[in-house]
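> TrEMBL feature annotations, pasted as is:
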| type | residues | note |
| --- | --- | --- |
| ACT_SITE | D413 | active site, proton acceptor |
| BINDING | G293, R357, G358, G382, N383, G384, S385 | ATP binding site |
| BINDING | N383 | Mg(2+) binding site |
| BINDING | T411, I412, D413, M456, G457, R458, E512, Y564, M565, V566, R567 | substrate binding site |
| DOMAIN | 286-588 | domain 'Phosphofructokinase' |
| SITE | G384 | site 'Important for substrate specificity' |
Amino acid sequence: MEKKKQNYLGQFANEFCLDPTQLEKRPILSFSPAPHVTDKPTPPGWWTHSRHLDSRLGPTSTSSAFLCFSAALVRHLVNEAKRRRDLRLSLPKARSPAAIRRRVSPAQAPVGPHMTFSGMDIALKASTHSSTSQQHWLHSTRYRCQYGLGSTHLNGRKRSPMVLSVRAVSGKSDLDFSDPSWKEKYQEDWNRRFSLPHITDIYDLKPRLTTFSLKKNRTDGGSLSADKWNGYVNKDDRALLKVIKYASPTSAGAECVDPDCSWVEHWIHRAGPRKEIYYEPAEVKAAIVTCGGLCPGLNDVIRQIVFTLEIYGVKNIVGIQFGYRGFFEKGLKEMPLSRKVVENINLSGGSFLGVSRGGAKTSEIVDSIQARRIDMLFVIGGNGSHAGANAIHEECRKRKLKVSVVAVPKTIDNDILFMDKTFGFDTAVEEAQRAINSAYIEARSAYHGIGLVKLMGRSSGFIAMQASLSSGQIDVCLIPEVSFTLDGEHGVMRHLEHLLEKKGFCVVCVAEGSGQDLLQKSNATDASGNVILSDFGVHMQQKIKSHFKDIGVPADVKYIDPTYMVRACRANASDAILCTVLGQNAVHGAFAGFSGITSGICNTHYAFLPITEVITKPKRVNPNSRMWHRCLTSTGQPDFH
C-alpha cells in the first residue's frame, strides 16, 4: 500500500507542478484505499478525489484509490497559479472551494485584448465520491497545455501550467450562472467580441454599389438585371460556429459554457461579396504579403486575390517581397501583379513573393504603407503573422488611415483557433504518408526494425494525429498535448519492447513539439519570437538505440524527418479549392470595409473573424476528443504514465 501511495502522490504532484516531498509534510493530503473497499468515511471539511488506477497499481478489485484534500491545498494551488504569468485562480470570498473560477487577465494576455478561456465553475463536493467536474479538475494531465501559454519551473524543469476545467468556449470569466439572464449577458459579450472592425468606425463614409458582378450576358444581347442576381451576402448573414449540443461536460470533446452544458448560440459573420462597398476600385492600391514559413497553397491564394481584385476593377496591385521585410529592406521593390503575371503560379509550391520571419517595428511598416499609398493590405500567414497584421491594423486606426488589413490563415500545423482547418494542412498530411510508408517498409523489412517519423507541430499535434490515422501503419503516436514518459514499467520504451516481441517491428510518429519537458530547455527564439524547440526526433532516435542496447536486444532504427518536404510542395485538390475561396473572400471583406479580420472556414461555412479572437492562443488537439480517441484506437497504444 505504501508503494501505491507514493506512486499516486507522485503523479498528483507532477500534474499540479508541486514538490512531492512537501505533500506529506503538510496537512493537506491523505491517502487510503478506496471507500468501497474500506468504507472509511471522508473526514469532515475535506474533499475527495476518486480515481481509477489501472493495472500498474494492482488488480482491478483493489485498483481504485482516493485522495482527501482540504481547502489548504486549494488555496496553495491558487497561490501557485497566481505566480504564473498567464493564469489566475480565485476563491469565493467565503474562502471555500465550493466554486473555483479560472480567470485569465486581459492585461496578461500574450496577444490581443480577449482570451477565450473557460469561465466554468468547478464544484468540489464534500462526499465520498467526487463529482464529475472534480474529476476533470484533478485529471489535469488530460487537459494540460490546452489553454496554457506559459510554464512554471519544478526542480529546474519547465512544466506546463495546470488546467482546471473541461474545454469551454466562454471568454467571460465573471458570469454568475445562478442569474437567470446569464445566457443573454454571455451572448452580448460574444457578439461584442466577434463584431468586425470597420473603416466607418473612424471615417464617415457612405457605401456605394459594388462593381463585383458575375452576371452573364443573355443570348438575345441583353443582360440579367442586378436585382435578379442573388449573388451577394447580406451584411446580417451569420454562420453558426458550433452545432453539437453536449448533454454533459463528460461527453467526449465537450465544449461547455456552464456546468450544465446549456445550449448557447455562437454566431459569426458569413463571408462573401456584399452588394455595397466602401472603396472606389479605380483608386485602390492593393498589396499582398506572405509571411512566416512555406505552406502548400500560398501561390493559389495570391493568384485568387489578384483575380478577384481585377474583377472588382482594381488596376494597381503589388506584391511585397519576402514578408514584412519587404516594407523596409532596401533593394526589395514592389512587384507589380496582374492576372497575366500570376496565372500559372499555382502550378508550383513555395511562395511567388518569397517569405521571411520577423520584421521591423509596426510603426515603420505603417510608415511604409502610408508612403506607398496602400489602401488594402492582404497578409497571408500564421498566428505570428496574424498578430503582426492586427498590430498594423491598430496602428492604421490610430493614425486614422483608410486602410483595410485582411489576413488569410496559413499554417500546415492547423493551429488557428476556431478554424475547421487551414490551407496546406491536408497536403501536409498527404505528403506525410510517403514518409510513414517508407518508415513502415524499412521497419518491416528489418530484424527488430523500428521506424521513427518526426512531423511538424510545435504546439499542436494535428499533423501527427491525422497522418497516423490516415496511414493505419503507426503503432505509437506522440503529440505535444498529451504528456508521456519514456522510461519505467509503463513508458514508451517498454511498449516498444512489447511490440518487437509481439510483431517483430513497429512504427512511431512524433510531433516536433512532443516531449519538450524531457529535454534540455533553450531560451533562444527565432525571428518570429517562437522558442526554438529541442529536437525531440533525434532525442527519441538516440533514446531507442541506447535503451535496446542496454537491455541487450538488437534494434534497427530508421529515422525519417520529412519536415520541409511536406510544406514545400504544391497544394493538393482540396487545399487548392480552400485557397481559392479564402483568397476571394479576403478581397470581398476588404471591399466591404472590414479591417483587422481574417477569412476562414468554420463549421463547414466560410466566415470572417476578428483577428483579435483567433490569436489569443493556438488551437490544440483536445485529448478528450473523439478524433484523438480514434487515433488511440488505431494505434492501440496505452497511456504512457
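Each Cβ is built from the backbone N, Cα and C atoms, and glycine gets one as well.
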> Taking G293 (ATP binding site) as the reference, which of D413, G457, E512, M565, R567 (the recorded positions) have a CA within 10 A of its CA?
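Near G293 (ATP binding site) by Cα: R567.
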> Please average pLDDT over the domain 'Phosphofructokinase' (286-588) for the predicted structure.
93
> Hey, how far is N383 (ATP binding site) from D413 (active site, proton acceptor), Cα to Cα, in Å?
11
> When neighbour density is defined as the number of other C-beta atoms within 10 angstroms of a residue's C-beta, which of the binding-site residues G358, G382, G457 has the lowest density?
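Each of the binding-site residues G358, G382, G457 was scored; lowest Cβ tally within 10 Å is G358.
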> Measuring CB to CB from R567 (substrate binding site), give everything in the same chain under 8 Å that is also at least six residues away in sequence.
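In sequence order, G293, L294, C295, P296, I412, G424, A428, M456 meet the Cβ cut-off.
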> What is the Cβ neighbour count of G293 (ATP binding site) at a 10 Å cut-off, with all protein chains included?
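Excluding its own Cβ, the number within 10 Å is 24.
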> With H, G and I counted as helix, E and B as strand and the rest as coil, say where DSSP puts G384 (ATP binding site).
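Helix, per DSSP.
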> Here's one to test understanding: among the recorded positions T411, D413, G457, E512, M565, whose C-alpha is closest in space to the C-alpha of R357 (ATP binding site)?
T411
> Count the Cβ atoms, other than its own, that fall within 10 Å of the Cβ of E512 (substrate binding site), considering every protein chain shown.
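There are 24 such Cβ atoms around E512 (substrate binding site).
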> Here the binding-site residues are G384, S385; which one has the lowest number of other Cβ atoms no more than 10 Å from its Cβ?
G384
> The record lists G293, R357, G358, G382, N383, G384, S385 as binding ATP. What's the largest Cα to Cα distance among them, in Å, rounded to a whole number?
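Between the most distant Cα atoms of the ATP site, 12 Å.
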